[in-house]
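Taken from TrEMBL, the feature transmembrane segment covers 21-39, 59-81, 102-125, 131-152, 217-237, 257-275, 287-309, 357-386.
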Amino acid sequence: MMDRYKIPRTKELEFGGPLGAMILIFLMPATVFYLLLTCRTEQASVLNFPPPLPPLSTFWSPHAFLLLLAWVGLQAALYMLPMGKVTEGIVLRDKSRLQYRINAFHAMGVTALVVGAGLAAGLRLSYIYDHFLQLAFSALLLAFGLSFLLYFKSLFAPETTLAPGGNSGNPIYDFFMGHELNPRIGSFDLKYFCELRPGLLGWALVNMAMLVKETELRGSPSLAMLLVNAFQLLYVVDALWNEEAILTTMDIVHDGFGFMLAFGDLAWVPFTYSLQAYFLVNHPQKLSLPVAVGILLLNGLGYCIFRSANSQKNTFRRNPNDPRVTGLKTIPTATGRRLLVSGWWGFVRHPNYLGDLIMALAWSLPCGLTHVLPYFYVFYFTVLLIHREARDEHQCLRKYGLAWQEYCRRVPYRIFPYLY
């Protein structure tokens, strides 16, 4: 009976298969340290390759590693607290549904109180800036350690719990993509926890540490630093407030939990997404008030598109008869579900990605136009979202068939209207 629910072997391999996965396992950490080391130099030029490399012994700090473990432990404890509601995820292949506690926003509030109490007790938040490389290296070790444990655990997992995209039979590829879809220890969902908690909240904390360090160096934070902190804090708060929405994302529904997501959540997000703030500590930028207002409006435009599009989609998925979406045009599909073909989703096929990229540009503009380095996030995120959009298109075509082809005919542009 259970054989019908077994996950078939992954036939269509991504990222160039096992060879591409192996390259990315080394390339992703190398990129993080290349960016951080380059950002520390006076020129901060991406053309200065390789950047000056300090003694390897300086990357390791037991204190930094213990501090990182304490941070992850705090977030894990908050995740387990009986705060917030419990909701169910999508129906899995074996027809079961996992339960998730929605309390990330509560955890953020408690974390803010804990950090505030630490500051009142004399905690130096600028320690994060002073030991940024050691903390990044600690995050790398933690991500690798977790990834090996996840793969080892997946070898003993029931076949019905494996990930559709990480069941190739090649250990390197499955280690990278994630062999098990929703690895849990009891009720503790490892992927769901890492998706929003330690890395995303860590990103906001890192930004705040950069603001504190700049204040220590110059007496007050710059307008550029304040904008970067405000923009990215809004993004983090929005993600935590709308935590339930990630239960329908590709990361949760399709991708296993392996090195790709573990490293992304624990190291890539907090240490590359904070690159603008890190850059501004050593490369201060003066912004005129009109320029600052223009950047503020640009970020507001991106956020409005991003939030409106996601809210429209999530409302329709939860209740197609909701008054806020009943007037929208739809296309019926063979699965019984309907595809939105008006509103934001009739403008382009992925309007949320468009909003994301507009915000990405607004986050980098406070760093001026003389350096390419702080615009890494824009370039990276554009590539990421185009790749993710291609994955979405492939999955939707397989799932909805002719209905998806009709949707593509009626909404020809993928992300950028009249361009792509």
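Glycine is no exception: its Cβ is also placed from the backbone N, Cα and C atoms.
A TrEMBL annotation is a machine prediction, not a hand-curated record.
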Examine the transmembrane segment (287-309) against the transmembrane segment (257-275) and state whether at least 3 Cβ pairs sit under 8 A, considering only residue pairs 6 or more apart. no
Find the member of 21-39, 102-125, 131-152, 217-237 that has more C-beta pairs under 8 Å to the transmembrane segment (257-275) than any other listed stretch. 131-152
Under 8 Å, at least 3 Cβ pairs, sequence separation 6 or more: does that hold for the transmembrane segment (59-81) versus the transmembrane segment (21-39)? no
